[in-house]
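Data block below; observations after.
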Amino acid sequence: MADKKLMLGNEAVARGAYEAGVTVAVAYPGTPSTEITEFVAKYDEVYAQWSPNEKVALEVGIGSSISGARTMVAMKHVGVNVAADPLFTVSYTGINGGLVILAADDPGMHSSQNEQDSRFYAKSAHIPMLEPSDSSEAKEFVKEAFDISEKYDTPVMIRLTTRISHSQSLVQLNDRTDVALKEYVKDFKKNVMMPGMARARHIVVEKRMNQIEEDCNTFSCNTVEMNDTSIGVITSGVPYQYVKEALPNASVLKLGMVHPIPKKVIEDFANKVDTLYIVEELEPIFEEQIKSWGIEVIGKEIFTVQGEYSANLVEEKINEHKLNLAVPKQLPVRPPVMCPGCPHRGVYYVLNKLKKHATGDIGCYTLGALPPLEGIDTCVCMGASVGMLHGMEKARGKEFIKDWVGIIGDSTFVHSGITGLVDIVYNKGISTVIILDNSTTGMTGHQDNPATGKTLKGEDTHVLNLVELSHSIGINSVRVVNPFNPEEVETAVKEETMKEEPSVIIASAPCELLDKKRKRVPYRINVDACKNCKMCMKLGCPAIQNKDGKMIINDTLCSGCGLCSNICKFGAIVKDGE
């Protein structure tokens, strides 16, 4: 095969895994990494699955690797936090079949709660890391990562960023190289990390990294482009593209291996240029390492540690003038909103009406923090809503917590909310947790999870029953409500928050976008009955609009959910045709 194809970076990673002979691919969905495993799942030769969270995904991957199979695990940058426990230890055990871990960073926080730099994890865990600068390299680096993994008996990380994951470039397609499963040999000194064995393995890890640091000076993924020697730039990943656009005549050292970095290559490059710049998004990891070698460089003195870079920024900071790449300022602002017909909207409307506070979580429903719903007070990380709610109760008492609920989605609850609920029961809490069950993992693109009854491959499987699960934990009071019935939701919230025991409310209705074939009958406003009270505007539904001082419903946006009709006291909102 010698075809070429325009591919997303994530699709190219999947292709690289296929061509490298990967047997198992595991992930938890998280933007910008989600599509990697979805694309992998299209290859029949690869077993692919969603796991409940990133820690489990990596543990599955480690098991697959130790048994002898080439294995890939993918997650977004904050998912590496969840997987950090097995990550640090698999560095000690090493691998059997090659193990490659994808970490997709999000500079600029397009869909994340922070912009941490995953290179720190590679450095701290003593794991080599590669970083591609386009889709072609994304594919090839996956294949190279497996070779490095098996040559040096180490997991290998690959760092992506949003712009690499979600931009396209041309990729050369090659045939799959089937890789036989490696023989499993029992070796407790290598694979059982009790203190005595771990101490011995730590010595192995340091020797391994020293060898890789020496060898990476000859790795082909690190490339030097000598041009005008008055300016030299060391960079990696997508900033390489910005440097080439802004400084086409500069000499450039592009690091494909970003940990460890090739000292001899860098020293040689530095000696050939007059002024040396480091262009790296987020943290000054290259800069600090290179400065520690006594090499004079210019980096974060002129570049920010925040957000994404651009060709404009590189040109401005180094040559002190801008390229003509400005975005027109007249573009309208489009803040993110929950979709028309979103089942979460009714719950937030009720909480706002009752003046209840809520600890929030990660998902589509995080958008409920914004006006006019203003339904949640906090959002820290996956699963935090439940533990934070319990912490508030223990700090402030039972009366305080009766004005609070925890809000968490079904997928997030399975990811890391269950243990928080166990904590509430175990430590005699009385908090009320609302699980927003929309039958999917919505924010990342409608992936299945253990509560949906479908696998990544679309196969039927056991459905995790959230009611039975809550009861088994020790929650006696579990109530299922229809989020489109505000009276039912209001009654449930009032009653459950007043109880002297922990409780769970499950607001169950499928995501509006799941059933695209459903016949939708839009609602309209009867102008004769409308009092212009604007109560319907408090829902924050994009379909309800104020036009020339009067309420209208945009029938092209209306999903026909009926929530607005249910809250209208004057019966002014009716189905079209009634």
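Glycine too: its Cβ is placed from the backbone N, Cα and C atoms.
Quantities reported herein were computed from a predicted structural model and do not represent experimental measurements.
The [4Fe-4S] cluster 1 site in TrEMBL is built from CYS530, CYS533, CYS536 plus one of CYS364, CYS379, CYS381, CYS568, namely CYS568.
Each of the binding-site residues CYS530, CYS536, CYS541, CYS558, CYS564 was scored by the number of other CB atoms within 10 A of its CB, and the lowest score belongs to CYS530. Sorting the binding-site residues CYS533, CYS561 by the number of other Cβ atoms within 10 Å puts CYS561 first. In terms of Cα spacing, the binding-site residues CYS558, CYS561, CYS564 that come within 10 Å of CYS536 ([4Fe-4S] cluster 1 binding site) are CYS564. Each residue in the domain '4Fe-4S ferredoxin-type' (521-542) has a pLDDT score, and their mean in this model is 92. Secondary structure counts, DSSP: the domain '4Fe-4S ferredoxin-type' (549-578) has 5 helix, 7 strand, 18 coil.
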